[in-house]
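Novice: Sharing the features that TrEMBL gives for it:
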- 1-31: signal peptide (SIGNAL)
- 189-208: region 'Disordered' (REGION)
- 221-241: region 'Disordered' (REGION)
- 221-236: compositional bias 'Basic and acidic residues' (COMPBIAS)
- 229-264: domain 'EF-hand' (DOMAIN)
- 306-369: region 'Disordered' (REGION)
- 330-348: compositional bias 'Acidic residues' (COMPBIAS)
- 374-401: coiled coil (COILED)
- 417-518: domain 'MRH' (DOMAIN)
- 434-457: region 'Disordered' (REGION)
- 513-533: region 'Disordered' (REGION)
- 518-533: compositional bias 'Basic and acidic residues' (COMPBIAS)
Ligand code: MAN
């Protein structure tokens with residue numbers, strides 16, 4: 001920094017000719033000549049009047065104007081040295097005629113590096129800067145024009161989206177109103193059908209109650225017959241096994257039947273025989289019927305080559321008596337499986353749709369008629385109930401969709417219901433806007449939900465610049481997955497890239513015409529800086 005004695009007034013009249021800009025803009029404003037110190041913008045020129053003392057722009061001091069740009073820093077805010085590097089916090093303005101005006105920190109003035117395209121920052125360093133503003137200006141112009149065209153096309157599509165979105169919202173609202181009217185009707189109809197159902201079910205219930213009693217009696221009777229058949233079978237078996245006819249079954253009597261040779265060594269031992277007599281020497285007929293026969297019967301059947309205990313003869317309840325041609329001639333013949341199956345089939349006669357236990361009961365015509373009427377009423381009720389529930393579901397879905405924020409002009413609505421994919425080396429990612437985002441391994445494996453639609457998540461000045469999807473699948477030893485989608489203007493809806501900056505926190509870049517702003521025609525590229533205080 002120089003001492004005051006060495007102050008040199010570096011002052012320069014800068015002639016600003018706005019003619020080129022004026023020509024570009026095709027207006028007819030006359031050329032303006034403004035004098036101002038080096039490094040001062042057009043907007044601040046009036047604050048630097050050579051005819052008066054200079055007051056620092058922060059108001060901290062006032063001194064003669066010749067101190068401005070004397071390469072000595074007088075103002076705390078650096079405003080007295082706009083054209084030198086004397087103030088560490090000062091700034092230097094370059095006009096860059098033909099391109100964009102620019103403000104650089106004072107430290108860059110005469111530092112040997114060309115910062116301004118018009119070379120104005122290097123007026124004393126001998127850096128040999130060349131004015132490149134014209135070339136830069138026209139390249140920037142071309143780029144701005146290209147962007148403008150892109151944005152115009154994107155915006156045209158956005159207008160279509162807005163149309164579609166509004167249309168969809170309108171028809172959803174209309175449909176919702178129609179459905180609500182239908183819902184009222186459907187509720188009334190269901191109530192009526194419910195009443196009719198109750199009315200039809202009451203006489204049906206009474207009629208079936210009567211049958212239920214008959215049914216229970218029939219079951220009891222059947223059980224009784226069954227029991228008596230078992231007894232008859234057991235009694236006949238006893239009579240036959242009781243070869244000395246003394247009314248008791250003895251060890252010796254059982255020893256004569258090979259069927260009781262449990263270890264199959266060719267002899268029925270006393271122990272083997274006693275096993276069937278509950279370890280007694282003999283057994284009474286009544287004990288045999290109650291507990292003996294059920295124990296013995298499987299051995300008898302095995303001897304006959306049958307797997308399961310058979311039923312006695314259906315008509316007589318008897319087991320066939322021994323036959324000379326049996327394997328073990330002494331054995332009474334029990335019944336085989338085939339017959340049992342046949343009997344079973346006969347029994348399995350379905351009775352529809354009675355709540356009474358299915359069996360062979362046949363309803364009289366009047367009851368049958370009552371069942372049919374009640375069935376019809378039940379079916380009608382079910383149908384009315386289904387219709388109402390379908391309506392309610394559709395209304396819920398519509399209301400859910402209607403409550404979604406599709407952007408300030410419904411421009412994002414057409415993306416709802418669509419899905420877009422992007423693949424990297426490992427995964428195929430899918431974004432279904434307003435629904436969810438997911439990830440699927442490319443080489444097999446199931447889809448993992450990264451998040452479900454939550455809300456718009458852009459910065460305060462552009463809420464619609466990003467979307468948030470959260471509550472995805474929990475990460476192993478980590479948080480639930482979540483996803484942020486950054487939206488930018490593009491000619492089509494496209495998922496551009498996906499990253500995972502933090503474990504299980506995903507980011508997507510997505511272009512869409514819906515994010516395009518109203519295109520602004522590019523200016524001549526020769527822009528000024530509006531840096532008024
Ligand atoms: C899976 C993927 C990855 C994630 C890990 C976390 O491999 O979902 O994106 O980082 O799980 O364990």
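Glycine too: its Cβ is placed from the backbone N, Cα and C atoms.
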Novice: What is the three-state DSSP composition of the domain 'MRH' (417-518), stated as helix, strand and coil residue counts?
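Specialist: Taking each residue of the domain 'MRH' (417-518) in turn, the totals are 9 helix, 58 strand, 35 coil.
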Novice: Using DSSP, tally how many residues of the region 'Disordered' (189-208) sit in helix, strand and coil.
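Specialist: Result for the region 'Disordered' (189-208), in helix, strand, coil order: 20 helix, 0 strand, 0 coil.
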Novice: The domain 'MRH' (417-518): mean pLDDT?
Specialist: 97
